[in-house]
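What follows is a set of notes on a single structure, which appears directly below.
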Amino acid sequence: MEKHIVAGSLKRNRQLRKILSYCVLTCVGIIMIYPFIWMFFGSFKTNAEIFGSQNLLPNSFSFDAFVKGWNGVGQYNFTDFFKNSIMIVVPVVFFTLVSCSLVAYGFARFRFPMKKLLFGLMISTLMLPDAVIIIPRYLLFNKLGWLNTYKPFIVPAMFACYPFFIFMLVQFLRGIPRELDEAAEIDGCGSFRLFVRILLPLMKPALFSAGLFQFMWTWNDFFNPLIYINSVKKFPLALGLRISLDTSSTVAWDQVMAMSLVSILPVVLLFFFAQKYFVEGIATSGLKG
Amino acid sequence: MVELRESAAEAVSQTPAKKKRSFRKWRGLLYITPWLIGFFVFQFGPLLASFGYSFTNYNMMSAPKFVGLKNYIQLFTADPEFVKSLTATLTYACISVPAKLIFALFVAYILNFKLKGVNFYRTVYYMPSILGGSIAISALWKLLFMKEGIINGLLSAINIGPVDWLGTPGTAMIVICLLQVWQFGSSMVLFLAALKQIPAELYEAAEIDGGSKVKQFFKITLPMITPIVFFNLVMQSINAFQDFTAAFIITNGGPLKSTYLIGMKLYDEGFRNFKMGYACAISWVLFAIILLFTLLVFRSSDAWVYYEDGGDF
């Protein structure tokens, strides 16, 4: 009899905990997502309505802010900014994947002199703050005449300056059995062919994760374009958005929201289609978000 | 006999085999060459250069002039703006990082109950993390917390405010910290992965012993995930110490320089005033703080980080 009561109260307890958990999760979820929803509807409102009313939904859906915002304030519009962002992001992602996977292959599959030391150095650069090297880098790029070009983004990507991704790919490669390599080598397959033909296809999920992260970081990056790019013609989205925040004394917030929404859309879409890779990416290597 | 034959064979084919072996030995180095070059040209070189520049006056017009420790002395004795930025940065890191981690752990802990729809919630919570660093979100945040913004609008419904969020030093700091906490998703995913690894037997044993949930959390859950806590703490702090975008867009360092983070000071000195030597000195103070902090955490980790395998980090 007593046992039944205990079991019953335990069950009720568990039920209660479940309900409570869902309540907390949902509340947190609403707080997380509310700014996005507000941003979405805000971009259909007029500037006056954004400040004047507490309603989430706009009185009427108008695409004015999108049209005006897209055309921008000066000579250049968001078509240019979008193009520029793509011109930075695509090569950066491509070269990051090529260089980092080669380096990861070197670290994961070969023994060579000073490997431990070099690997340690590579890992320690994970914690090297960008702030410390930004000024000499700027001076170097200035000397090379690379300022106001996209080379300061692309060239470091060619030389695998992203220890996060090297580490992530090394971890992944370690999980691929070496027997595959040995079998290929017995068949007379050279190490480079082995890499391209056998390992690279197997590394697809990790490469996809790394590519997604690099895409997202480069797309969102504000600080680097801010210091390296100075002509509006070459502005990526991040800088283009800032113009609309800066130029007029009264900011047209409806346009800012509309263009913000447009600028984050590629990342959001990518995230929804490929969230598995995002989550696995951080779970396996501990990447920052 | 076999040995003899082998050594004979070796003697015959020694030269090509040796060549091949020595090539094999260096092949790995060949693959990591891109990184080696990148490391020396874009990371290690700049690191040394920045240290060197920090002892000079350099405005990019004339050659750098050696001034000894003058930049560092000036930073701490004659530049109240820098001291302010230092306090602001430390405040920012000390509030935002623990708040973010505690919140992330809390949510991960709930997500780890065997509930339906965990994936959905995880996706929703992770969203801010992928966008939070962008200027679009900083702009949104600024708009939300404006005096006439929606936050005050919502608060007025429960008869609070209006609060001048961005115009008061204390609350301005809270606003940019909140943006940081809002991006707890990636820490949460790491915590969740760690929580899933804790063997269920530990909890079952505790249940039999009659340990309460709270006790279980502090005696089992927390100790088991300390390696991830440690990792998150180090990485998030390093990032927090150099944050820039949020403060730059939302508050522009104000009011009264209360959110003037070191990253902004560095930007102003280096890329607005073009005092490169001075900016390098700032970056090295920042680096020293990060190193000191990391060292402290690493040192203390023996006391609080639990490694199941005895721990070779």
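Any Cβ shown, glycine's included, is placed from N, Cα and C.
According to TrEMBL, the feature domain 'ABC transmembrane type-1' maps to B:86-297. Annotated transmembrane segment per TrEMBL: B:28-53, B:90-111, B:123-144, B:172-195, B:216-238, B:244-264, B:276-298, in sequence order.
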Contact call for the transmembrane segment (B:276-298) and the transmembrane segment (B:90-111): at least 3 Cβ pairs under 8 Å, seq gap 6+: no
Segment proximity, the transmembrane segment (B:28-53) to the transmembrane segment (B:244-264), 3 or more C-beta pairs under 8 Å: no
When counting Cβ pairs under 8 Å to the transmembrane segment (B:90-111), the leader among B:28-53, B:123-144, B:172-195: B:172-195
Outside the transmembrane segment (B:28-53), six or more residues from its ends: residues with CB under 8 Å to it: 64, 276-277, 280, 283-284
